[in-house]
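After the structure tokens below, expect a handful of questions from me.
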């Protein structure tokens, strides 16, 4: 039952990616990217539907050639979530997906080609109200910047980004967001900090090629957590060598931990020790699996003993503290004693009842408003 986040977000210009606002006073958007073959329309649509069920706001799709562009058009007709087309090298692919209804173009103006080709892409985006993401990556810096700096640095990333920002602004195009990603946490954080002071456009955060599920989660939580805590960031993507659905889950968990955005259960659980009166780890695993479908933001504390249990339980919407017997707290007050028999079943029932109650209360406030 914690309050609003104390974080003051950086002021930025609001743009729209399809129906999703990005920047300004909009909630921080959670993005992911498909890892299926774009030409396999059925598989890609199925993956996007799973991402949408997990709560994704925006999905990026790689479009490497014209065949993939045509597949993108078919995919776009079959899903509801806004789609970003990831385009490199061939400007004609960007023009084609613009015709097919793309919600955002992710390009690097530096590898699209001559000025007239960049202008053609920008004109197509402007005519159709399509925003652009300038995506700068430490692994693909321009050769002159590599030569100037000797290696990727925060300053090199920012110089590349500003070069592309100026390019779009010369063409009088303002609906864009920017990212300056690196796999090194310190480099990425320093680059975003520098860039945030120099432009007003929304910033898309990410630690690129972060790693597998565990290592990538840790890297992303550290890097993005530092930036988000400073108010920097308008969209996030957790890059994991894992099921893309995990990217969405981790993204929401990072935002929940900073009280920037809530979706579903925020669990507070002890790591357990010999004082526990019930199996905390088993209980948590079962609850997380059973309650994945709940979208209502609730704090649920699961603490195995009476050392910290009552204090944590009193701060949660629903709290369980181990003892003889165990004790359930609801809205900070002792409500029910429980034995270990059917502990998870009863706790699930109470959480679902609380979620339904909160949903009804929120709906009532909206109606009265």
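Backbone N, Cα and C atoms are what each Cβ position is placed from, and that goes for glycine too.
Swiss-Prot lists 270, 273, 305, 312 with the feature [4Fe-4S] cluster binding site.
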According to DSSP, does residue 270 ([4Fe-4S] cluster binding site) sit in a helix, a strand, or coil?
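Looking at the DSSP assignment, residue 270 ([4Fe-4S] cluster binding site) belongs to neither helix nor strand, so coil.
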In the same chain, which residues outside the set 270, 273, 305, 312 have their CB within 8 A of the centroid of the CB atoms that define the [4Fe-4S] cluster site?
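Residues close to the [4Fe-4S] cluster site, other than 270, 273, 305, 312: 271, 272, 275, 276, 280, 303, 304, 307, 308, 309, 322.
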When you measure from the Cβ of residue 305 ([4Fe-4S] cluster binding site), how many other Cβ atoms are you left with inside 10 Å?
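By my count, 20.
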Using CB atoms and a 10 A radius, I'd like the single residue among the binding-site residues 270, 273 with the highest neighbour count.
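Selected residue: 270.
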In three-state terms from DSSP, label residue 312 ([4Fe-4S] cluster binding site) for me.
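Note: residue 312 ([4Fe-4S] cluster binding site) is helical by DSSP.
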Using a Cβ cut-off under 8 Å and a sequence separation of 6 or more, which residues in the same chain sit near residue 312 ([4Fe-4S] cluster binding site)?
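Result: 268, 270, 301, 303, 319, 321.
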